[in-house]
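A short worksheet on the structure shown next.
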Amino acid sequence: GVQWLEPTPQERELWGWALGRVGYAVILIALYVGFYYNVIIAWSLYYLFSSFTLNLPWTDCGHAWNSPNCTDPKLLNGSVLGNHTKYSKYKFTPAAEFYERGVLHLHESSGIHDIGLPQWQLLLCLLVVVIVLYFSLWKGVKTSGKVVWITATLPYLVLFVLLVHGVTLPGASNGISAYLHIDFYRLKEATVWIDAATQIFFSLGAGFGVLIAFASYNKFDNNCYSSGKLQILTCRFLQGTRQQSGCMSPRLREAPGTPGPGPEVQIDPHSCTPPHLVPLQMGGMEAVITGLADDFQILKRHRKLFTFGVTFGTFLLALFCITKGGIYVLTLLDTFAAGTSILFAVLMEAIGVSWFYGVDRFSNDIQQMMGFKPGLYWRLCWKFVSPAFLLFVVVVSIVNFKPLTYDDYVFPLWANWVGWGIALSSMVLVPVYIVYKFLSTRGSLRERLAYGITPENEHHLVAQRDVRQFQLQHWLAI
């Protein structure tokens, strides 16, 4: 079985920076994401149950949830849409009405102030998701590692079948060509880079503590270099899968740039859940549980009970997202819970490791693990490229913020303030911790600053006035 290994002194140094100041922020972000990602998986389950019929409910009109304006998609043409209205924005197709009226019951809510009660169909689906999630996590990586083999591979089989079906549909070549068309002029827009950075973090789980949580079960001399190359291949594979899922529907080319999961569900209900969604969700919850259990031994001794408490807590808060106005709550969380906040957390991690701890010492730690240092390319990226890019996207995401909307619905001002409160609740933990450590440490101003930026096993050097971080050589080292 998998066994937790006590950290070495080198690991303790690094964890002091990576987790001491940012760890709780990352855990809180992962917890926020768990509130609404379970709901998206519950939607997928609802679609699965709804497909157990000869006549798929999202392919034609005439159902109880359809409006008088419901229009067969085969009848849609340029004159009907008009004014450059995209298919993904046309709300009267059977797929769109099944999603918004049959699943969400959005037409029964007037806004985020009128969300109503949870819907029993989605409640049952959400309950199934949470139960599966609990039994996938209750014994740690012993169970979650095995479950991921199924949740990470089965969707690819389904995607392949849907891809074959999609490319055989009429007009598929035109749709795929338009979907894969690259508009290089949009690269000058800052929002494109922000969306790309956020997508990478969601796809790979970087910054959510997922990789740290699972890596903590490795031996100290584990070959992280091979794991890193595998991670790069995984990155390319996941983005290729994203392109594959986009090609499943000739009309899915219109989804990019449309916020939220709605367009994919409306245009092609089969692609409701991205293939990386379930593994990421289990990894995110594993990061929350492992991170807190490692810090509080009482939680580690009662892991099963603690896991139940976390999953049940996410279930209760997810109830707000399965109400008749729940999509507004989900949109708010999707925008603020892990947008700017996760970019900020990763920025703090990059600065803490590369600048305060030092790229040279980080490279020496890796050399002790593998027998050789990382190349100059990686060291330059860690110290300059990554922090600079992350700082850019964090600043731009704040400066370019626009009031939250869902299609034509404009969120009230108070909802935007609530959203920023959620985002700041995780980001503020970093400066609060820094102020706390500065005020609670004894000594002169210089000594308190030295204690704050020095690993714990080097605190004896502060009294000797031999602080590495006060030397120019430390900041220039690569």
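Here the Cβ of each residue, glycine as well, is placed from N, Cα and C on the backbone.
In TrEMBL this protein carries:
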type     : residues    : note
BINDING  : SER203      : Na(+) binding site
DISULFID : CYS61-CYS70 : disulfide bond
TRANSMEM : 22-49       : transmembrane segment
TRANSMEM : 117-135     : transmembrane segment
TRANSMEM : 147-172     : transmembrane segment
TRANSMEM : 192-217     : transmembrane segment
TRANSMEM : 305-330     : transmembrane segment
TRANSMEM : 336-359     : transmembrane segment
TRANSMEM : 380-401     : transmembrane segment
TRANSMEM : 413-436     : transmembrane segment
(message) Does the structure show the transmembrane segment (305-330) and the transmembrane segment (380-401) touching, where I'm treating 3 or more Cβ pairs under 8 angstroms (sequence separation 6 or more) as a contact?
(response) no
(message) Pairs 6 or more apart in sequence, C-beta under 8 angstroms, 3 or more of them: is that satisfied by the transmembrane segment (22-49) and the transmembrane segment (380-401)?
(response) no
(request) Sort out the residues at least 6 away from either end of the transmembrane segment (380-401), same chain, that have Cβ-Cβ distances under 8 Å to it, and list them. (result) 190-191, 193-194, 197, 339-340, 343-344, 346-347, 350-351, 353-355, 359, 362, 478
(request) Give me the stretch from 117-135, 192-217, 336-359 with the greatest number of Cβ pairs under 8 Å to the transmembrane segment (413-436). (result) 336-359
(message) Sequence gap of 6 or more, Cβ distance under 8 Å: name the residues on the same chain that satisfy this around CYS70 (disulfide bond), in order along the sequence.
(response) CYS61, GLY62, PHE92, THR93, PRO94, GLU97
